[in-house]
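As structure tokens, the structure follows; a few thoughts come after it.
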């Protein structure tokens, strides 16, 4: 297993390009199955989960064509099997996203139940109930969800989500795109990635209205046609590099991004004392060498502060002036990185879903271990400001969500290198 070695103390300075958003790319790739012709998806991040999704298509008999710009062409007409096998699904929970499109387009699907994700329980019952509301017959047996559309195909339905679910909203929205009649999804997720998926469905000739609000209306169409689409930028990667600049007292400009999808995070960075300037597709943060001020925050569904930025702000608070409380309302078990940060000298108390962080003047380099994707990013940020060397183990977690993290940080002046395990 690869490791990262980071020597702290360098003030970050420079410009980097932000990659496409994994959490938009995965549902958009799944939605290509709805089309009746070839579809091209561009700005895909070069990440393991994306490769797994493309491999899953290969298993189904679809041969994706990848060009030199990392755009992928998928022709779902060549599909031979409607099964998403366990050995692929277990490595990537987002494989559940092929369930809705396959049932809608081909009338049946067999998708392995995803295994446990490191962050608490993420049930798939909303996906199942949503499809049942549209007339699908579903059995769960032998660790597989087996779904069949009724005679004549799925029917539009009104469906209320008991809890806000991003992948649940996406799965049912994709299924509804080809269902007969109108579907109304209430208490739907409002995330920008949901909006990106709706825009993609509409680019193929679909009729999705209201994405970005909590009520999405989908009028099913007979067919969806070929299209070419570019995935939105990654707001979490954007936020992570801005926090990296803030903790090191540096100046970083992130390009090919969108400031409007990150407002809650930018607000907190201003509160921490950062100077921010934005353009249509760029954000520049300058700390002028100052130490950040601690901030209080509470995670909640979009447009509030994103849970995927919580760990990074714990790193910021760990070296900030003052004390900040971080309240996690989305996932359980989301403070696993705190115990690794203790090894670096951080002062953090966890009480239930709250972490109280008292800033210290400096952290100390230490061997630490990544436990999940965003937690691992917080360890990288802490290592950038720690005295001496930090060795981060199990960085495959980082590689799941950050494209070329060491190259991008090196471009900003960080002392970081990857060593093979």
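Cβ atoms here come from the backbone N, Cα and C positions, even for glycine.
The structure displayed is predicted, hence computed values, not measured ones.
Listed in Swiss-Prot:
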BINDING   22, 23  phosphoenolpyruvate binding site
BINDING   93, 122, 123, 124, 125, 126, 308, 330  UDP-N-acetyl-alpha-D-glucosamine binding site
ACT_SITE  117  active site, proton donor
MOD_RES   117  2-(S-cysteinyl)pyruvic acid O-phosphothioketal
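A 10 Å cutoff on Cβ-Cβ distances gives residue 126 (UDP-N-acetyl-alpha-D-glucosamine binding site) a total of 19 other Cβ atoms nearby, all chains included.
Sequence-distant neighbours of residue 23 (phosphoenolpyruvate binding site) (same chain, 6+ residues apart, CB-CB distance under 8 A): 166, 191, 193, 234, 236. Here the binding-site residues are 125, 308, and the one with the most other Cβ atoms within 10 Å of its Cβ is 308. In this structure, the CA atom of residue 123 (UDP-N-acetyl-alpha-D-glucosamine binding site) is 20 Å away from the CA atom of residue 22 (phosphoenolpyruvate binding site). Summary for the binding-site residues 22, 93: the Cβ-based neighbour count within 10 Å is maximal at 22.
Of 93, 124, 125, 126, all annotated as binding-site residues, the residue with the shortest Cα distance to residue 22 (phosphoenolpyruvate binding site) is 93.
Within 10 Å of the C-beta atom of residue 330 (UDP-N-acetyl-alpha-D-glucosamine binding site) sit 18 other C-beta atoms, taking all shown protein chains into account.
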